[in-house]
């Protein structure tokens, strides 16, 4: 650099005030200047780059292995000079237009010219070996950024603020890291003393030695150093940071690691050694020595190489050192001290200036360790949300203990003494302390103990044990001395004191975050907490009103909750407790247990009721949360001026004024025009864009446009459209009612009523980029996809389906096409001789093709129109691109409207005007699609992508390009950028790239989406980033608000002070805005009930709640139209996190990172983007499963741990109820149903077996009822419970109703709610709740989170019974059926009308999938489904079938057993399907202990019922033996059948080889025998019960529970891993075990397969019976006339005339179908009759069927 001419000579050089580079910061005369760069520091012995490997001689770059890589040149951009643009420049007459960066031009006092900046980049690239393309890319990046900033402030200020944002400002991540890692000490100590020693101890804040001054003075010194830097150095630092960042690949996910690399590079650059170096180092050196070793470490954590392919390792998150663990090493001085080279010297012992040269020799795999263990367990809920548990469980204890005195009263008294009452109630504090202790112990297992935050855990544990002694100890004392005489008041005083201590402890534990007790990690002043404060707890402060709102919201919620719960739940519970607490059941006996169990049946029931009450106590909070959030949200919307209750007429008539005032930057305009003229241009553009999208017909357009008319005095004037002038509020005059146009215009109108930030003029608005990740979504629909049916089930082509949904738009489209066709016809007919009367007749028939498929001639321009019409209404990338390109249109429109002088200048020359507008829009808006697979596209996809580039030349596509590596090496991957202006290479036919940057390796290490965003992020430009999914849309009128939205970042009017000046820095202290959220509109809203539910959910989640959450600082999630502050996010680890599996919902992690690192998140109401969701039943549930599993993964993540243990109380509650609380509430709702069923079962047994007292109206027991039990209060309590559960469910509809009420008025809201109830949406709600809760729980136990591609099917596709059954049996149907049995028993034993509600909700768990299946009830399809089901049940035993019951059964098993390791194909294939074996800890709890507990519960209930003498007064034989025989019997029977058949097939199989169906026959025979066995045992059991139905049901419940436990234990304990193929199954049935590739395991496998088969037999028979039960339930509706029509109306909300036609079959198909239907109807009737007979016949002839067998008497 010293050798560079032109810097130090002339006096007017801006940098000359620093004559000597080596000391450019040291104005501080202090010894510890910003860094010690003593020029005298010893130079290395050789000038080798990294010692000993490579001594540079002139020109021998090629000798270094790996550097002869050929970086193919990509197209040069006009990077440096303006003159390199073609000389015949079209803009030559416009000053500044020849500059690529107009705001950074010589006439604006820029601190350095573009050429000088380019020299800096070239110099850095030569010193460090950055890639040429990356260097050009980053140069363009920085220049665009400076141009964007300089267009609204002085260039000097622009450079200062950029430097402050990246390197040195108050909110720059680098500066925060520099102090968090205590590097100021390292740099201060320098080489004067031994550098390594002092920094090993984390410095405590109070040590004041000469070398460690306090933090404040260090910060001031930092600011001074920054202030005294030259602009040249500032730019060089930013450039170096960007160059390091631009090639970092996956290291970009670890921001602090990147800071460390930058710091070392910066120190090295300023060393004389680097300055005196003349030869450039080889290109790619940085990538090779710094990035690749780190990348390899990251990759090898998750993948291993097997036979040349990358295979996912079988590790769960707690064994993988992920991005976050790598990153956290760099937070602490101790971490940096761990970095060692291969020769075991520590990196920090090397002088700072030489550290960078040592990077290639760091042994990274010895350095990193886990800093947080993401173990799968439910204890995370305890650790992260301990305050929630304390608030609920402890308060519940206080309430309930006070209300159940009978429980702890002494034996001989009715009521306990006052001291005992106080003390027992006070135990709530002990409960709270116990929860804290449990959480602390669990926390120990998530944090490595060596790490220095485990210290405060031990302190906390000791302290908690003391508190436990204080809150629990006195109770023991009082219990001992309670009855003794002469104690005086001492026990009472102790009890009261204990109570108050408990209350204080509970309040303290529930308010203080656990991270802030004893060693404050959030606000502590000690230096050792600085890092975790900086990166996990620098929450942006709330404003006064917001904080007040937050606190008052939570006070209201909990105030209402605690009051209501006390009166409604607890005090109503006190009378059942009083009745039940001491009741012993008399006169019962069991052969083995005597009366030990059965006499305590009432207390058992009471215990279950306590649990039930606790769950309801939790649910109540959520109920109040929803109510108050809705109230606050409504209030807030009035405050923001959002509500619709202002009359429409006024909203529309004031619109022109509002457009002028809010959307146009009019304050700056030079030439004053009438507002009307400006507004008319904007408004007409909007209307015409809608016309072009076929939303409006010509006749509507006329009434909406501004027209030029002749005025009275002969001048032309503008006439406002009648829409503004005489709008009567009847909207159908102006646009089709209920259409898309109406929705868009009305939203636009009402959004302008809110307050929005002032816009800047177009030329000074910031530049922003839209980034769309694209994997394999459709780009443009092909003709085939549009007009061919997908499969037999769809019954409709896509085009017809879309025509049904958008009839008006199709109509407009056809009219348009006809006009076009006529125009082209008139040009093509020469003489026009055809007489007009012939034409008229043929016209109607000629037009048919238009109305059917939209074109008549198959000329490509016509078919393309239809394809585009359809693509713009489906979820395609084309729709997204064309929607987002409206930004470009909007910018041009605003630029033209606000700068009339430009239009005047190019008066005659429209081309040049258009080019000038293009230039502006290109400068301010960039659009990048990250097409990860572009290089692998097939021909059709390539054509479509090419079509996009031709239609929108400014669209940039970033993709991954692979080059095979050197022999045996990894392939090299490149990030490549092309756009529509790139030339096409003649040789390859591909476009030549603009930039081609090599990556360290395959970037897709995670779930794909975040990696895809990360590889393209280096191509974004400007200051802001809008992240869009590939299924979104945007509209011109929304794009016009772009300047207002970007104004929300509060960076428009930046202070003119320097951010480093003595006083100026105070003006930059506000927390930056990181994310601005916006509304989403689900554009697939109109497809029936499911679509409406999903859309409604989105409305409330995306609008109603964020409105409040963002206000009180709790909005985390960035939805997908959100705008991000790009500099903020990219310097903090990118726009989303990417560890495989853990960051499944990658986007919410960005929000959490932003908020914990000090970024504010806002929500704006006045802007919306369209978003598609597919709204078939299956796709909605896949989406919910994905959310649920993603939530399960979030529970494990460290972000939840930090937020949960460090946020202050009110913000913690906001976070909890806004995010995880919703899902945990779902889990609790399902638990409440199950618990309630068990409660009903127990109370039912009591009601059935005991005599219940009759009472009078006051509730006093009437006399003369000896031996009766007063259980009346209990039955009242049941009603209370049912009401509670009912309310909790229905409160879910409140937000949607309120939202509708506010946005569309009362009538519409009531209609929508009514439609929902008529279409049975509550059933769907119950079902989806179960899906949510199941997916979270199974994820916390087994993992297996994968990115489920939420499919894009039709909502009208009929799915067959088998697919639905196999998809939903595990998550929901089995549980529903078990609960149905419980409910059946409850109905037989305690009938109240309230139970009807439960029948509905429990049934909905079983039949919801079928109820919402289109055309489920059409008879022919139903029977054909039945045939398919029977075949599915019996397939797959003789040869492999794609879908069979056996395959389904194996799949659901592998969750526990896992697969044997497998060899994988391509590394780029989705690495799914490799399920590891579940951890034994989680399995023991969920698969062994829980089923055993359940079985015990039900067996106890059954034994109670059987412990009374029968009608004849004889004592029953032991119920335990009876249950055991009946439960284990079928299993034994199956085992014997299987064993005998095994030998049969073993001997017969080889002889029968010629008969292909032999294995299938054997299997069928075995299954049939198993079915017979099960049925026989059931009948035998019923006979033993003397045909008593309710006893039989109870017995069956117990038997099922036992069998389930046996199966689960067999699977989880006795099974080894599953093989990948189904060979063993076929071997078992065919008897051929050889030649199946089993190898040596051919001997061990039969034994394993035997266990498997035993379980499979039971499962097969139960599935067979279950499915038939479901089919029987669904049969009755089929006898209703026109049921299919009604069902379709219910589902799609279409009148019968509008419904989609039934499919057309050929005669042959019809014959075939008729025959199938006849045959299988018969089979169905026979099977159903047989099953019915088994139940009905015994019930009818119960008195005649008697056997005498002695064995039966004893069972």
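Numbering starts at 1 and runs along the chain as displayed.
Glycine is no exception: its Cβ is also placed from the backbone N, Cα and C atoms.
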Per TrEMBL, the range holding transmembrane segment, considering 294-315, 316-337, 338-359, 492-513: 492-513
Of the residue ranges 379-399, 526-546, 547-567, the one that TrEMBL records as transmembrane segment: 379-399
Long-range environment of the transmembrane segment (1664-1683) - Cβ separation under 8 angstroms, sequence gap at least 6: 1361, 1365, 1369, 1373-1374, 1377, 1403, 1406-1407, 1410, 1416-1417, 1419, 1422, 1426, 1429, 1433, 1567, 1571, 1574, 1724, 1727-1728, 1731
Same-chain residues near the transmembrane segment (1560-1584), Cβ under 8 Å, at least 6 residues beyond its ends: 1433-1434, 1437-1438, 1522, 1526, 1529-1530, 1533-1534, 1537-1538, 1541, 1544-1545, 1592, 1595-1596, 1599, 1629-1630, 1657-1658, 1660-1662, 1664-1665, 1734, 1738, 1745, 1747, 1752, 1755
Tally of DSSP helical, extended and coil residues in the domain '1,3-beta-glucan synthase component FKS1-like' (232-344): 72 helix, 10 strand, 31 coil
Rounded mean pLDDT for the residues that make up the domain '1,3-beta-glucan synthase component FKS1-like' (232-344): 90
Tertiary contacts of the transmembrane segment (1224-1244), as residues 6+ beyond its ends and Cβ separation under 8 Å: 381, 385, 601, 604-605, 608-609, 611-612, 615-616, 618-619, 622, 1271, 1274-1275, 1278, 1281-1282, 1285, 1288-1289, 1329-1330, 1332-1334, 1336-1337, 1375, 1379, 1382-1383, 1385-1386, 1388-1390, 1398, 1401-1402, 1497-1498, 1501, 1594, 1597
